[in-house]
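Engineer: I have a structure here, written as structure tokens, and I will follow up with some questions on it.
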């Protein structure tokens, strides 16, 4: 385990260094990612400022939901960027090289291309700080919400990772999975950037029951921000993330044994 | 001696969706079809390789070479049969086998494209858990053997193909594996680079005592390096033995070109005493006569004695069949 962490650190530094080889692209993409997600939030903010709230969610609360998800996602993609990009490994047969190493394939894949998401991290921390300080001033939440929020972010990162990994595993059978990822990763995540109460019941059902991204922010948010549910919501959130993660690892191992490689 | 690599009745088949019969919307119907065809890439392949052997594994494109190598190294799971690398199964013990294996894919680098060569070695050393002292000693040794010094700090993407191949070879040897799988290590290289890679491979086998399995389309690689050849064609093994045995089995003729002092007089009875296949005149051009000689049936000296009947011989030139032609006949 220690050795694994040390190796990961080394690979992480190497990835940063190799990205820095293309300095312009590195900074430009970081800044652009931040700008894009801030613009997304501004659209939401405009709606909220106009109407005061949507379905009972204030601007500050919506900001919390939005930024918690951004930070979870930034964390997941920083640690395991190439799980999302597995399609290129499957199409080119590059996964072969990873199977030749005496470390788990998933670790090798995760470390191949680390992308530290400065933009999303700064944007997320910024909006989160503003939202939470507003809510604290209004007396809606106390200091305890800070560790709880960190907990929700970590658990959400595990959840998004698990969903990403299960989707990636489908690639062992389907090879091309971009469209599937659009649904399970991108569309689902975009949907829960906004308070889920704005959606019809069936869609809420999907986002909680089938692709449970709702547990990355909205569900634990009900407790952390409003105390709507009991404290049990947080362990439930963590359990769902953990269970899905374990399931994802099993599915991944099974998928790997179905790997067909490519001709050469 | 205990075999290093044992392969027993190894098979691999792939399932491919069956294209729908001709007609309108064929693509769409193929997409909906649930019928598959089994494509057998490798069928019942068995061989065993002793420690320290240098074996060439050859065959035409699509014969199943790469599929076999991938099963040997644990990348693909075989449909049937068994592989053992020094007693370990590469599928059940993938990570332990990976420590004993060095693999080089000539077409694809395993180094980090944007990093200096040295950094790739650092990462690999960490993956294989090699301590810093041993790693430094090992890199110095390999840099010396493969002459990596001049580009150790250059990013991999800026290396020439020959340099990249040497760097990749060092990467495959870094963790001191017992077995090396080389998949087309000389592909795309110029004559000089090919020759130097061959010299390195030779010394890796002889001086470092590694067991090497080499696939290539370059028959000079095989002829100059391998003590043994395994030929695979359409998924099954067609030949397994030494290069000389292979030559003998194919029995391609040796060419003898004889130049006479005077214009030779070819009597119609001269060579009739011999069977047509053992010695046959194929071309007469002034003072020069070319004949094909089957060395299995007749020795070179006897052939010359026969040819001497036509006149006084001034010069003799003998040409062994090209190995490439031998292989061509086998495919």
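Cβ from N, Cα, C; glycine included.
Positions annotated as transmembrane segment by TrEMBL: A:26-51, A:148-174, A:202-225, A:231-252.
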Engineer: Run the contact check on the transmembrane segment (A:231-252) against the transmembrane segment (A:148-174): 3 or more C-beta pairs under 8 Å, excluding pairs closer than 6 in sequence.
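Structural biologist: Between the transmembrane segment (A:231-252) and the transmembrane segment (A:148-174), contact is present.
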Engineer: Kindly say whether the transmembrane segment (A:148-174) and the transmembrane segment (A:202-225) touch, using the definition of 3 or more Cβ pairs under 8 Å where each pair is 6 or more positions apart.
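Structural biologist: As far as Cβ distances go (cut-off 8 Å, pairs 6 or more apart), the transmembrane segment (A:148-174) and the transmembrane segment (A:202-225) touch.
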Engineer: Which sequence positions outside the transmembrane segment (A:26-51), separated from its termini by at least 6 residues, show Cβ-Cβ distances below 8 Å to it?
Structural biologist: 19-20, 58-59, 62-63, 66-67, 70, 117-120, 122-124, 127, 193-194
Engineer: Under an 8 Å Cβ to Cβ limit, what residues of the same chain, 6 or more beyond the ends of the transmembrane segment (A:202-225), are close to it?
Structural biologist: 61, 64-65, 68-69, 72, 135, 140-141, 145, 148-149, 152, 155-156, 159-160, 163, 183-184, 188-189, 191-192, 195-196, 231, 233-234, 236-237, 240-241, 244
